[in-house]
Amino acid sequence: MTSSWQRKELPFLILYAVGFYFIIIRRSLQISHDHYTKLYGLRPGWIADRLNDVSDAQWRNFRGNLLILTLVFGIFALVATASRSYGLKAKGMSIVWLLLSMAYLSYLHGACIVYILSIASANYLLVKVCGRTKYVFLLWIFNLAFLICNRVYGGYPFFLFGPKWAYLDNYRGTFRWHICFNFVVLRMISFGYDYHWAGHDNRFDLEKHVQRCNNCSSGKTCYRLLQGRSLKSDTFSFTIYLCYLIYAPLYIAGPIISFNAFASQLDTPQKTYSVQDVVWYGLRWIFSLMLMETMTHFFYYNAFAISGTWKYLSPLDIFVIGYGVLNFMWLKFFLLWRYFRFWSLVNGIEAPENMPRCLNNCYNLESFWKNWHASFNKWLVRYMYIPLGGTQRKLLNVWVIFTFVAIWHDLEWKLLSWAWLTCIFFVPEMMVKSAANALKVESSFGKFLCRELSAVAGAITITCLMVANLVGFVIGPSGINWFLSRFLQKEGLPTLGGMFITFYVGTKLMFHISEAKKNAHGR
């Protein structure tokens, strides 16, 4: 009965989705055309004489430096490939990559490279002194202290150390070092705890994992195995450690890789992706770049957010802009992370994939965070969630973890608001999920009812996700009351109702996609 009903509803769900995107695209084109003269960050484009939205500083810098980055990483790849052909293993490859990465960092940060090397050296000494003791928690204090101080003191201008050093402020490079250092902090903690766990009994059962993992049983090596197995003591050398911290392809934005996984692949290059797979990965990236160029030439979502013009739009148009901004952010990070991961793969280092699932195919908070910054999620699980008690303290852990994530991004109240709003939405979801797992429904009507309630819960969750991310990255905590007042008045209620129905339909479509994938794997 339920299966038959699902087959009957699918055409209507698809028809609704097509109508929804037709309205979104048409309305986006109209409001972009009507308001482009009031928007900031639009520049002459190259598609159909349209203006291009380059209002996002991160995307503008990446797009503007894409050719030089590709040239630099191409040269690095040739040097690294030639070095491997001479049979260099972990220590030899770490020296090659360290020299290449130091040249890269010298261009990016100029004289500020001394800060990175000094803090990294102090962290290495701390790891060697207390990494195998019960005082390993000092690594967290050390790294959090520098994470905060780097922001408070703006990367430490050299004049702070006296007038005779002030001239070095003219040689700070082209990129703020303390922004990139957020990723270095994660790597320093990873190195410290992988070193700590290497000195204890390893709970990772290699034989059992290989039997259960399709990837590893076929002769390849999955990321979990690379991360879980312990390394020899001589692998935790200063050269390999420093190479890991500043490895050029992953230095600026990740994806985040654990020390164990990185060092293992210095010795033996990744085998998961063949040459054809890597080439196809690059071609798909180029297609995604063209999609982004099309979006920024025709839909000025981010420019509306930056300019504040969206505040004067109707509730329907505010929803269109909010939905568009989130999709722009998803595609931006998708392109950034996959670009750097591509070059890492070319050089034989496989990092976890960020954005393995589209933003529009996540209907609960847990799956959203597992599929947004997925490599960061793996890092948080390994180095925070499990050490803090895992599932036994899940309700408490989310508050600690998301507060850390907010501070790691930046010291801003709107990011803390985003983190705590996410936690407020996360707790009920976890409680409902636990209750649902304990309740086993056997009857057809019960399964139907459970599915409908899950779709309603998914619609609520997607709405909460939109609100939390818009507060964190667009309107800030001060805009919450204004935002709610616009949607809870007479003009905004129809939009709010339509938005909820749309997310309900979207959630049910995601159910169908998930079931289709399960059936495909079952065959």
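Cβ from N, Cα, C; glycine included.
TrEMBL has this to say about the protein:
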TRANSMEM  12-29  transmembrane segment
TRANSMEM  66-83  transmembrane segment
TRANSMEM  95-117  transmembrane segment
TRANSMEM  137-162  transmembrane segment
TRANSMEM  174-193  transmembrane segment
TRANSMEM  238-257  transmembrane segment
TRANSMEM  278-300  transmembrane segment
TRANSMEM  312-335  transmembrane segment
TRANSMEM  453-475  transmembrane segment
TRANSMEM  495-513  transmembrane segment
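Annotation: stretch 12-29 has the most Cβ pairs under 8 Å to the transmembrane segment (495-513), among 12-29, 174-193, 238-257, 278-300. Residues of the same chain lying 6 or more positions beyond the ends of the transmembrane segment (66-83) and with a Cβ under 8 Å from any Cβ of it are 92-93, 96-97, 100, 104, 248-249, 339, 343, 346-348. If you count C-beta pairs under 8 angstroms between the transmembrane segment (238-257) and each of 137-162, 174-193, 278-300, the highest count goes to 174-193. If you count C-beta pairs under 8 angstroms between the transmembrane segment (174-193) and each of 12-29, 137-162, 278-300, the highest count goes to 137-162. For the transmembrane segment (137-162), the list of distant contacts is 111-112, 115, 119, 122-123, 126-127, 130-131, 168-169, 172, 176-178, 181-182, 185, 188-189, 192-193, 407-408, 410-411: same-chain residues at least six beyond its ends, Cβ to Cβ under 8 Å.
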